[in-house]
Amino acid sequence: MTEKPVALIVLAAGQGSRMQSDLPKVLHRLGGVPLVGHALSTGRTLEPEAVVVVAGHGAEAVAKAVAKLNPEAKIALQEQQLGTGHAVSQALPQLEGFEGRVIVLYGDTPFIGQETLASLAAHPADVVVLGFEASDPGRYGRLVTGPEGLERIVEYKDADEATRAIRLVNSGVLAADAALLREFLPMIGNRNAAGEYYLTDIPELARAAGHRVEVVTCDEAETLGINTRAELAAAEAAFQVRARARALEDGVTMTDPATVWFALDTCIGRDAVIGQNVVFGPGVTVESGAEILPFCHLEGCHVSAGATVGPFARLRPGAELGGDVHVGNFVEIKNSVLDEGAKVGHLTYLGDAHVGEATNIGAGTVTCNYDGVSKHRTEIGAHAFIGSDTMLVAPVRVGARAMTGSGSVITEDVPDDALALGRAKQVVKPGLATRLMQALRQKKGN
């Protein structure tokens, strides 16, 4: 926590025309979540008193996504995109009564780090601009500093040669006291080529009024913004490199790190082992000592210590694997809990199910959980044995230590310790196969 209370404003109103997409730019996915989710996730580390997301293009879709990412975040609507200063002014009414530090972030700039945000929040200056030393300053606005801090921000088109030689440039991210923003935002003009109101005018206005204005710097990589599909692909590659490095540093073994793909919130314990070509979607936790074998896809699931998954397995949202559970190849599990020591070896679908401790699920077992309208649950007790190719037609319960015969279709509850058979009686016709084949060949010959 910082000494001053903190509020976040995340600007997410732009259309992103260079993305060539009907989807709002901030909803394109990076690390398995919408771009705007990265700013919200990092900002959460400051424990902000309020979060406001400014939406414009595709506002309804943005609001829906934000509600899932941070249910406490508020939405401010910027109906006309008239610049960053105008966007922040639309958010301020949502911060009525807030007195503290406001940090303005961008929904399309996903890599601003926790330490950088903490520096912006804790800095004693009245206004703090986030800058970076650019390898190629290009057309960035230059930050002109002096003994008393930031003197001015000079846009490239307005800069002389000496100013253009400055490599310290503006990221666009800004932190300022809420009272100062309320005072100076109405003073911003739009006398520029675009006719827009720019947040970058705030430092100059504040300095002219005697306020302290400073610069905090970060690594250039943190400021990577995304405006095109190519930049999105580059950002995904950069995100994965960082995520893999972090996992290795945390004690995770990966047999081929370059083939493992992480989501923003992937959490893997030390001494877990991850095989090649594993994909983690959002919402996955893997405890210490678990093993994910090659070619698995996991999303919205929990894998306990000692469990093994794969190869070629899929864990979907709501899958909960207890300790020492084994999930083998070509198994799909959704919204199901497998208690400690349960085994599902191969070729199985478990949906909306609870599998008890040390139960064995035979190959080809399917929980028939959907009747075309509603989902239904399957309950399987501890130490049960489900024979291969069993169809469990939910809602149904198989008791503890019970068994089902291979090929059974189970439509009624099976008591504890019982054996259930639900298949037609086998009939053997001696010699019929030979006679039938002879007749068929004769018919074909005619």
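Count begins at 1; order follows the chain as displayed.
Here the Cβ of each residue, glycine as well, is placed from N, Cα and C on the backbone.
Annotation source Swiss-Prot lists region 'Pyrophosphorylase' at 1-229, citing sequence analysis. Taken from Swiss-Prot, the feature UDP-N-acetyl-alpha-D-glucosamine binding site covers 11-14, Lys25, Gln78, 83-84, 106-108, Gly141, Glu155, Asn170, Asn227, Arg316, Lys334, Tyr349, Asn360. Feature annotation from Swiss-Prot assigns Mg(2+) binding site to Asp108, Asn227. Under the heading region 'Linker', Swiss-Prot lists 230-250, citing sequence analysis as support. Taken from Swiss-Prot, the feature region 'N-acetyltransferase' covers 251-446. Feature annotation from Swiss-Prot assigns active site, proton acceptor to His346; the stated evidence is sequence analysis. The feature acetyl-CoA binding site is assigned by Swiss-Prot to Ala363, Asn369, Tyr370, Ser388, Ser406, Arg423.
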10 Å Cα neighbourhood of Ala363 (acetyl-CoA binding site): matching recorded positions from Leu11, Gly14, Gly83, Asn227, His346: His346
Rounded Cα separation (Å) that holds between Gly83 (UDP-N-acetyl-alpha-D-glucosamine binding site) and Asn369 (acetyl-CoA binding site): 51
Least Cβ-crowded entry, counting other Cβ within 10 Å, from the binding-site residues listed as Leu11, Ala363: Ala363
Least surrounded among the binding-site residues, given as Asp108, Glu155, when other CB atoms within 10 Å are counted: Glu155
C-alpha spacing of Gly14 (UDP-N-acetyl-alpha-D-glucosamine binding site) relative to Asn227 (Mg(2+) binding site), in angstrom: 10
Length of the line joining the Cα atoms of Asp108 (Mg(2+) binding site) and Arg423 (acetyl-CoA binding site), in Å: 58
Mean of pLDDT values spanning the region 'Linker' (230-250): 98
Nearest-integer angstrom distance between the alpha carbons (Cα) of Gly14 (UDP-N-acetyl-alpha-D-glucosamine binding site) and Tyr370 (acetyl-CoA binding site): 41
